[in-house]
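**Q** Quick paste of what Swiss-Prot says about this protein:
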type     : residues : note
TRANSMEM : 67-87    : transmembrane segment
TRANSMEM : 91-111   : transmembrane segment
TRANSMEM : 132-152  : transmembrane segment
TRANSMEM : 161-181  : transmembrane segment
TRANSMEM : 197-217  : transmembrane segment
TRANSMEM : 227-247  : transmembrane segment
TRANSMEM : 277-297  : transmembrane segment
TRANSMEM : 302-322  : transmembrane segment
TRANSMEM : 349-369  : transmembrane segment
TRANSMEM : 393-413  : transmembrane segment
TRANSMEM : 419-439  : transmembrane segment
TRANSMEM : 449-469  : transmembrane segment
Amino acid sequence: MAKDKDITETLLTAAEERSDLPFLSVDDIPPITTVGGFVREFNVETKKLWYLAGPAIFTSVNQYSLGAITQVFAGHISTIALAAVSVENSVVAGFSFGIMLGMGSALETLCGQAFGAGKLSMLGVYLQRSWVILNVTALILSLLYIFAAPILASIGQTAAISSAAGIFSIYMIPQIFAYAINFPTAKFLQSQSKIMVMAVISAVALVIHVPLTWFVIVKLQWGMPGLAVVLNASWCFIDMAQLVYIFSGTCGEAWSGFSWEAFHNLWSFVRLSLASAVMLCLEVWYFMAIILFAGYLKNAEISVAALSICMNILGWTAMIAIGMNTAVSVRVSNELGANHPRTAKFSLLVAVITSTLIGFIVSMILLIFRDQYPSLFVKDEKVIILVKELTPILALSIVINNVQPVLSGVAVGAGWQAVVAYVNIACYYVFGIPFGLLLGYKLNYGVMGIWCGMLTGTVVQTIVLTWMICKTNWDTEASMAEDRIREWGGEVSEIKQLIN
């Protein structure tokens, strides 16, 4: 009787720990057998998703705008400054951003599932482990910033751009360490559905960034060093504000102070972080490669200019997909951690339907205004014509790229990073790129052929992920989430100890 009482008390304690979790289901949803039941649960889950996705989208847009605004002001310094900042932002910082964000994404799995299971005390330990690993990674990646000039020259950039971008890269070294703090901290807060505070902090950072950049560049005329100072300061402000929020006690048991446990089981944590990084980088670099391949075509200037406009639009629409990716990753990891497999599966379904509808709406708007919008970006008639020709495939890309990140978010939430990394290699690099190069160069379809071929790789990857999810036993995933929480927390389940 005493043992049964202890078991009951342990279960009640875990339930109480989760009782205040925003929008976390108390119980798993029942099997849905009617249309009315589907509509009711769909409405409930939609509110939960947008509670997370709305602020996440807002945060992504604000942080994306920091770099975009810096590039705008660079154009007021000189043409070479604009080129240098653009190259540093897309090549040097872009490479590092993919690795750091990917490694930080390991926390989406671990913190999300631990939070759903009520193991709140482990979240702070996971956060500190990720800080340790990402700061070591930042130290290694800083070599890329230091030697950016010769590296850029070796891949075909002009001497002037390579030199200017190399100097600017050295100025931007603090940013990589800001990433090392920001990305784990963001995942830590996201897993607890504390998205609104991130949105507010990013908005304040953007509001400060714009006038401060103007003052430093226009009034003080600090040039490129001034751009670096302000951009670094903006990212440091975001980090400091998030840390103050966490250290002030607003996260409860999730943050109980610094612990030596952060240095335990680091190698296993590194493996999951690397798997997350590989999975994300393979996707980011895949789309960066389209611009690179277009640069070797005949009339490369026109092809690259037109493709850059399309990629710019695709990048802005991707902010919606990134927000939905964050939301579904949190929802799936939380519900699996709480042992709610049906709710996790239904959350995925709602996210896919919602993202697909958004993608169709945006695509239809582009197709309707295909004759008008290109002139907003460029005056060259040849570029405008090519952008119009590329608009149908841009519209299709928006739909696919709205769905694909949701599926990737499920993979992160469920802890499938390593498997998806192999899928990405096969679909993107073994199939997509060779097919795109075949269409673009061999069959002379140009930039349209390259894009179509590589988009086919994305379609294949989406189909494979969909098949994986359809074949998934969600009860097994919920059980694996419990095992993962115990393994990575270095602890044994209290309930199993009591039962044994």
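Quick reminder: no glycine exception, Cβ is built from N, Cα and C everywhere.
In the displayed structure, how are the listed features positioned relative to their neighbours?
**A** If you look at the transmembrane segment (67-87), the same-chain residues 6 or more away from its ends with a CB under 8 A from one of its CBs are 93, 152, 157, 160-161, 164-165, 167-168, 206, 209-210, 213-214, 217-218, 223-224, 227, 230-231.
Note on the transmembrane segment (132-152): residues 87-88, 91-92, 95-96, 99-100, 103-104, 161-163, 165-167, 169-170, 172-173, 176-177, 179-181, 183-184, 262-263, 266, 269-270, 273 of its chain, located 6 or more positions outside it, place their CB under 8 angstroms from a CB of the stretch.
Remote same-chain partners of the transmembrane segment (277-297), defined as residues 6 or more beyond its termini with a Cβ less than 8 Å from a stretch Cβ, comprise 90, 94-95, 97-103, 105, 303-304, 307-308, 311, 314, 408, 411-412, 417-418, 420-421, 424-425, 428-429, 432-433, 436-437, 440-441, 446-447, 450-451, 454, 457-458.
Listed by sequence, the residues of this chain that lie at least six past the ends of the transmembrane segment (302-322) yet keep a Cβ under 8 A from its Cβ atoms are 56-57, 60-61, 64, 287, 290-291, 294-295, 355, 358-359, 362, 366, 374, 377-378, 380, 382-383, 386-387, 390-391, 394, 397-398, 401-402, 404-406, 446-447, 451.
Counting same-chain residues at least six beyond the ends of the transmembrane segment (419-439), those with a Cβ under 8 angstroms from any Cβ of the stretch are 275, 278-279, 282-283, 286, 289-290, 293, 408, 411, 445, 449-458, 460-461, 464-465, 468.
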**Q** Give residue numbers and ranges for long-range contacts of the transmembrane segment (161-181): same chain, 6 or more residues beyond its ends, CB-CB under 8 A.
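**A** For the transmembrane segment (161-181), the list is 80-81, 83-85, 87-88, 91-93, 96-97, 100-101, 104, 131, 134-135, 137-138, 141-142, 144-150, 152-153, 224-225, 227-229, 231-232, 235-236, 238-239, 243.
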**Q** Can you tell me which parts of the same chain pack against the transmembrane segment (349-369), counting only residues 6+ beyond its ends and a CB-CB cutoff under 8 A?
**A** 42, 45-46, 49, 313, 317, 320-321, 324, 327-328, 331, 391-392, 394-396, 398-403, 405-407, 409
